[in-house]
């Protein structure tokens, strides 16, 4: 029986490499998968899933208007699994499509993404994945400033933390760092340096 999985983590927790590893494991057994990613993520190139260690794969870019259910339903032969990167950028309708893929097509769906934004609010896609997923798993990493588990993302501009602004501002380690709750509220000023 297929299930909807949401695997979330902060920036730099290894979500993209994990999705590429899952795809490899399926394909090594001769089981095709479908890779999807958000059209919004243009850090590397639209339509690619890229890890910080240099691995990358082509993926179908999805947007707010994409009917993911119809896209998957039209694929023949059916994939063994649907894998989605940057799932925080999904809409409510996109997530409902994922649930339909699981329930009506009996295809497992694994979505990977951030849970909360730099202001500590849930992304729309993450909110509905938390509500509808059968299994939810945290991908862990450590705080930039200490050894605690990182659970939040701190947006940086010119070495200073930023707590206001638009929710979606595409960027990598030069713009965001993963931190624990303590250091989200009180980042150590003497250790804040612009990331390269």
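Just so it is clear, glycine is given a Cβ too, placed from its N, Cα and C backbone atoms.
Positions annotated as active site, proton acceptor by Swiss-Prot, on the basis of sequence analysis: 86. What Swiss-Prot lists as ATP binding site is 9, 10, 11, 12, 13, 14, 15, 16, 85, 86, 87, 88. The Zn(2+) binding site annotation in Swiss-Prot covers 143, 146, 180, 183 and rests on sequence analysis.
Of the listed binding-site residues, namely 11, 87, 143, 146, 180, the sparsest CB environment within 10 A is found at 146. DSSP assigns residue 15 (ATP binding site) to a helix. Classification of residue 85 (ATP binding site) by DSSP places it within a strand. Across 9, 10, 11, 12, 13, 14, 15, 16, 85, 86, 87, 88, which the record gives as binding ATP, the greatest C-alpha separation is 15 Å. Between the CA atoms of residue 15 (ATP binding site) and residue 180 (Zn(2+) binding site) there is a gap of 18 Å. For residue 9 (ATP binding site), the same-chain residues that are 6 or more apart in sequence and have a Cβ closer than 8 Å to its Cβ are 15, 114, 115, 138, 139, 140, 141.
All protein chains shown were included, and the count of other CB atoms within 10 Å of the CB of residue 86 (active site, proton acceptor) stands at 27. In this structure, the CA atom of residue 143 (Zn(2+) binding site) is 10 Å away from the CA atom of residue 13 (ATP binding site). Cα separation, residue 11 (ATP binding site) to residue 146 (Zn(2+) binding site), rounded: 16 Å.
DSSP assigns residue 143 (Zn(2+) binding site) to coil, not to a helix or a strand. Using a 10 Å Cβ-Cβ cutoff, residue 13 (ATP binding site) registers 21 neighbours. Taking the Cα of residue 183 (Zn(2+) binding site) as the reference point, the closest of the recorded positions 13, 85, 86 is 13. Residue 183 (Zn(2+) binding site) counts 21 other C-beta atoms within 10 Å of its own C-beta, drawing on all protein chains shown.
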